[in-house]
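*Asks:* Mind having a look at this structure? Questions to follow.
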Amino acid sequence: MAERPIAVTCGEPSGVGPEVIAAARRALPDLPFFVIGNPQHFMGLEVDVQVISAPEETSGTALSVLPHDIPGPRRPGLPDPAQAAGIVSAIARAVELVQDGAASALCTAPIHKKALKDGAEFAYPGHTEYLAALAGDVDVVMMLACPELRVVPATIHIALDRVAQELTPDVLETALRITHAGLRRDFGIDRPRIAVAGLNPHAGEGGTMGRQEQEWIDALVTRLTPELGCFGPLSADTMFHAKARAGYDAAVCMYHDQALIPIKTIDFAGGVNVTLGLPFIRTSPDHGTAFDIAGKGLADPTSMIAALRMAADMAARRAA
Ligand SMILES: NC(=O)C1=CN([C@@H]2O[C@H](COP(=O)(O)OP(=O)(O)OC[C@H]3O[C@@H](n4cnc5c(N)ncnc54)[C@H](O)[C@@H]3O)[C@@H](O)[C@H]2O)C=CC1
Ligand SMILES: NCC(=O)COP(=O)(O)O
C-alpha cells in the first residue's frame, strides 16, 4: 500500500468505539487505517475483519486489526477492569508505530477515564496528557474543531476550583503559541485570528466581577497581538454566536467547559478532537464511550469519520 495507514486505537471496547470504527471502515473505503485491539471485539459489526501482523498489511476494504492483548469479550456498557491495562498499552504501541513512521497519524477511539483509573491505575486525565507524556513531556493543547468553530481550552481536565490557580500567564501564552502554530501548519491558515475568552463573567466587567483580566490577561493578549493575531479578552457568553465566530479562526478559552459547550452544542456529530503540539498527528472523535447506547446500533459514526478524514488531511499537508 503506497499511502501509510493511520493507526487507530480501539479505546474502551465496551463503549461505542468498535461500532463507530467499523462504520467508518464502511464509509471510507479509500482511506487506509488499521486498528490496534482485540479482533474479537469487532466481530458481528457488519464489517469483514482481517487480522494483520504489521501496518503495511493494512487492507483497503476489510477492517484490518493488529492484535493487542485486551483479554475477554466485549460487553457493551460494562467495562472490564481486566482490559484496562491493554487499552492503555495499545495507545503507547500506536504512538511507537507513528513515531517509527509505520503509520502516518494516530486516531484514538474514546477511553473511559475512570474505568482505566480503576482497572490500571491510569495516572492521566485523558489521552491528551498521556500523549504529551509519551512524547517526552511536550507542551500540547487540546483543540476541538468542526466546520463552524475551533476551540482550545487553556486548562484542560482540571476541577473548576483549580482553574484560577493553574491558569497562569505562561499557560495562556503557551496555549496561544501552540494554537497559532497549529492553525498555520495543520489548517493552512497563514495569518490566524485568535479570539481569547475572559475568565470571569463579562471578562471581569472592569474588575467588578473578577480581576485576572485587568491584572494580566489583557496585557498578555495585547503584547502577543502583533505576533499571534490574538485579541480579547472577550466576554465568553457573547463570542460564540454566528456573527462573532466569523471574526476568528479559533477561540482560546480558559477552561474545559467554556470551550467545549459551544462546539458540542453547534456540532456534536461532526466535531473532532485534535492534539496540537505533539511531534505526530493525533485526532479523535469529540464524543466519549456512550455506555448508554453501546451495543444497541445507535452510535453515530460521523465524528469518527471526520476524525479520520482530518488525520489524513493533516498527514497529506505535512507530507506536501
Ligand atoms: N477522546 C476520549 O477518549 C473521550 C472520552 N470521554 C469519556 O467518555 C466517558 C463518557 O463521557 P460522557 O460525558 O458520558 O460523554 P459521551 O460523549 O460518552 O456521551 C454523552 C451523550 O452523548 C451520546 N453520544 C455519545 N457519542 C455518541 C455517538 N457516537 N452517537 C450517538 N450518541 C452519542 C451518549 O449516548 C450520551 O447520551 C467519560 O469517561 C469521558 O471521560 C469523553 C470525551 C472524549
Ligand atoms: N472532553 C474531551 C475529552 O475528554 C477528550 O479527552 P482526551 O482523552 O482526548 O484527552
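Numbering starts at 1 and runs along the chain as displayed.
Glycine is treated like the rest: Cβ placed from N, Cα and C.
Pulled from TrEMBL, these are the listed features:
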- H127, T128, K264, N273, R282: substrate binding site (BINDING)
- H157, H202, H256: divalent metal cation binding site (BINDING)
*Asks:* Can you tell me how spread out the substrate site is, meaning the largest CA to CA distance among H127, T128, K264, N273, R282, in Å?
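*Replies:* 19 Å is the greatest Cα spacing among the residues binding substrate.
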*Asks:* Long-range same-chain neighbours of K264 (substrate binding site), Cβ under 8 Å, sequence gap at least 6?
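*Replies:* Non-local contacts for K264 (substrate binding site): L144, G271, D286.
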*Asks:* Spatially, which candidate from the binding-site residues H157, H202, H256 is nearest to H127 (substrate binding site), comparing Cα atoms?
*Replies:* H157
*Asks:* Measure the Cβ-based neighbour count of R282 (substrate binding site), defined as the other Cβ atoms within 10 Å of its Cβ.
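*Replies:* Around R282 (substrate binding site), other Cβ atoms within 10 Å: 28.
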*Asks:* List the residues of the same chain that sit at least 6 positions away from H157 (divalent metal cation binding site) in sequence and have their Cβ under 8 Å from its Cβ, in sequence order, or write 'none'.
*Replies:* K113, P125, G126, T128, E129, H256
*Asks:* Output: those binding-site residues from H202, K264, R282 whose CB lies less than 6 Å from an atom of ligand 2, in sequence order; none if no residue fits.
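*Replies:* Those binding-site residues that pass the cut-off are none, since no Cβ is under 6 Å from ligand 2.
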*Asks:* By a 10 A CB contact count over all chains shown, which of the binding-site residues listed here is most packed: H127, H202, H256?
*Replies:* H127
*Asks:* Near the Cβ of N273 (substrate binding site), how many other Cβ atoms are there if near means within 10 Å?
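*Replies:* Total other Cβ atoms inside 10 Å, all chains included: 25.
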*Asks:* Round to the nearest Å and give the CA-to-CA distance linking N273 (substrate binding site) with H202 (divalent metal cation binding site).
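*Replies:* Each residue's Cα considered, N273 (substrate binding site) and H202 (divalent metal cation binding site) end up 27 Å apart.
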*Asks:* Fill in the CA-CA distance, R282 (substrate binding site) to H202 (divalent metal cation binding site), as an integer in Å.
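*Replies:* Pair distance, Cα basis, whole Å: 34 Å.
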*Asks:* Where does H256 (divalent metal cation binding site) sit by DSSP, helix, strand or coil?
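*Replies:* The residue in question, H256 (divalent metal cation binding site), is helix (DSSP, three-state).
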